[in-house]
Amino acid sequence: AQTPVKVTVTGAAGQIGYALLFRI
């Protein structure tokens with residue numbers, strides 16, 4: 001983790017992706 005922004009973006013994308021994966 002170099003920048004907290006990247007961590008936030010990755011975390012948000014992971015959360016959304018996981019939610020979508022469970023939705024389907």
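Placed from the backbone N, Cα and C atoms, the Cβ positions cover glycine too.
According to Swiss-Prot, the NAD(+) binding site annotation covers GLY11, ALA12, ALA13, GLY14, GLN15, ILE16, GLY17.
Location within the structure of each feature annotated in Swiss-Prot.
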residue: GLY11; record: NAD(+) binding site; contacts (Cβ under 8 Å, 6+ apart): none
residue: ALA12; record: NAD(+) binding site; contacts (Cβ under 8 Å, 6+ apart): none
residue: ALA13; record: NAD(+) binding site; contacts (Cβ under 8 Å, 6+ apart): none
residue: GLY14; record: NAD(+) binding site; contacts (Cβ under 8 Å, 6+ apart): none
residue: GLN15; record: NAD(+) binding site; contacts (Cβ under 8 Å, 6+ apart): none
residue: ILE16; record: NAD(+) binding site; contacts (Cβ under 8 Å, 6+ apart): none
residue: GLY17; record: NAD(+) binding site; contacts (Cβ under 8 Å, 6+ apart): none
When you average the Cβ positions of GLY11, ALA12, ALA13, GLY14, GLN15, ILE16, GLY17 for the NAD(+) site, which other residues in that chain have a Cβ within 8 Å of that mean position?
THR10, TYR18
